[in-house]
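*Asks:* Straight from TrEMBL, here's the annotation block:
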DOMAIN    7-46  domain 'Acyl-coenzyme A oxidase N-terminal'
BINDING   53, 92  FAD binding site
DOMAIN    189-350  domain 'Acyl-CoA oxidase C-alpha1'
ACT_SITE  335  active site, proton acceptor
DOMAIN    386-566  domain 'Acyl-CoA oxidase C-terminal'
Ligand SMILES: CCCCCCCCCCC/C=C/C(=O)SCCNC(=O)CCNC(=O)[C@H](O)C(C)(C)COP(=O)(O)OP(=O)(O)OC[C@H]1O[C@@H](n2cnc3c(N)ncnc32)[C@H](O)[C@@H]1OP(=O)(O)O
Ligand SMILES: Cc1cc2nc3c(=O)[nH]c(=O)nc-3n(C[C@H](O)[C@H](O)[C@H](O)COP(=O)(O)OP(=O)(O)OC[C@H]3O[C@@H](n4cnc5c(N)ncnc54)[C@H](O)[C@@H]3O)c2cc1C
């Protein structure tokens, strides 16, 4: 799916049909509803959009204004957009491509509102693609990237749909209008949890693409003299270039492994939920929200680092990097804005911390919160040992979660309402949640490399990469590790010198490490990142195809420049 997203350059009109509309049917429809719609969707006999966000509300789903009011006399729901701000806004494919949409709307039955639920709504005729009666549709206009996708708007004027069009796997409305509660009110959000998980893979793939481009190009590009009179070296020989690129390369691997974990965790927890066990839902939500936020943010920054590492050519669309950046920027906002998602993870961590304080033994990805000792014992640590590095990340995260939670408690003890205390500690909370996710990614990376069985040398190079990733994280966030004396200045110095050693160690394997991502030129779509390395010939060919080069003298010359020059010359 991630590859598909990227191949399509951030999506076309049908992307959301595959990544959101069809999975929503899979996850939220009853077996009977699946029989009706799933095959149609899978065979693309209908094309769907996922219509949740409105002009006025994206983040705050409970604030959505579109209504679905049940009319028992006809056994129909009436879908309505009561205000301008209730206009559905942003859904991919909604503008021009889709003829169906799953519409998130406030469910009203027997005069009571039961919150947001999903409804299947036909929006265009299957005969002539005209909007259905009462439906107004359009495209929202050009965006930073993803312009192949018709992100759209939709308004509903009392559009009637059969009762059976409410996706009723979890919550139900009976024919007489009785509302039947789902096992958890958050199950209506399950498709978002799934999509956030897939964004982790998309982030990994985007960062893998950017590093493939930048590392390959850095072997083709030669610049300056390392020593006077010597041939110009490949720019990848410069330590600063390695310091820019290798942490991004390592992060791409780390995120790839994190996405494997996420996929496996999603499968196992949703499997348990199918059997009625909802106990894993909170952790699944916290992990997917935090990982989505962390990996997409690091990826967007990392792609820009890769762009700058390619000098001027990186700024050209020929490099493929601007498009990758635009795609990653979308991932930071879509499917839950990153700050908001990280705060969801923080919310879970604060709860877990309180449980741990009350003597509960924590399990899963938060188990370390109760295992880590608050008072550190300083000492000369072996900063090249992966176990030491993982423990340092866990200590940092546990300390920051404790600090944020205690700070909040302190504010409440001073009389602040919980919500106000939350808001005034939210920067601390975000940082703590980021540290938690970072620590998870490091641990998962370390555990994954230990399972490599193919080849001793592959395990060795991945271990170096994992060390590099961890050491880079420690040196970048040194203050967090030093704050309570868990690491000393000497440890940080040792981490820096091991990091330098790792840059040199990874250098000979750098090209193999990016080739291993196996990203075909057709997927990369980058002149700089070509597998055959023939960058300059193709850069020239690419430029020749610029629309401005279609004619030798551009029409703007006759229209503007010629008369302008003529009048200037006349003045002389
Ligand atoms: C390079 C690659 C190229 C890619 C190109 C780009 C492709 C782009 C594709 C884009 C596709 C995008 C699609 C979309 O964007 S669809 C719309 C997505 N919208 C969102 O994600 C909305 C985000 N908002 C929310 O999810 C919720 O409103 C929010 C979680 C923020 C708050 O929800 P709510 O107000 O109901 O909840 P509370 O804060 O009050 O919390 C109540 C408890 O419920 C828990 N909770 C919340 N959400 C979930 C969930 N999903 N699952 C389980 N539990 C959940 C929450 O933690 C609270 O728990 P506690 O009370 O126990 O603390
Ligand atoms: C490329 C793209 C594709 C999309 N595709 C779809 C789609 O297919 N279907 C669909 O339904 N939607 C889609 N969306 C919409 C997307 O899901 C929302 O834009 C996203 O969830 C963010 O919501 P918002 O726009 O309301 O941001 P806002 O919530 O308005 O965010 C603005 C700022 O407010 C802050 N903020 C908001 N709430 C809080 C809070 N509680 N605490 C702290 N800070 C807060 C945010 O951190 C952010 O800094 C898409 C968006 C994009 C960019």
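Every residue, even glycine, has its Cβ placed from backbone N, Cα and C.
What TrEMBL says about a protein is an automatic prediction, not a curated fact.
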*Asks:* Which residues does residue 92 (FAD binding site) neighbour through Cβ under 8 Å, counting only same-chain ones at least six apart?
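*Replies:* Once residues fewer than 6 apart are set aside, residue 92 (FAD binding site) is near 11, 13, 15, 16, 20, 49, 50, 146, 149, 150, 151, 152.
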*Asks:* Counting Cβ atoms within 10 Å across all protein chains shown, which of the recorded positions 53, 335 comes out on top?
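*Replies:* Compared across 53, 335, the most Cβ atoms within 10 Å surround 335.
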*Asks:* Rounded to a whole number, how many Å is the Cα of the residue listed as 'active site, proton acceptor' away from the Cα of residue 53 (FAD binding site)?
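*Replies:* For the residue listed as 'active site, proton acceptor' versus residue 53 (FAD binding site), the Cα atoms are 10 Å apart.
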*Asks:* Can you tell me whether DSSP puts residue 92 (FAD binding site) in helix, strand or coil?
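*Replies:* Its secondary structure by DSSP: coil.
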*Asks:* By DSSP assignment, list the helix, strand and coil residue numbers for the domain 'Acyl-coenzyme A oxidase N-terminal' (7-46), in that order.
*Replies:* 27 helix, 0 strand, 13 coil
*Asks:* Could you please provide the mean pLDDT value for the domain 'Acyl-CoA oxidase C-alpha1' (189-350)?
*Replies:* 96
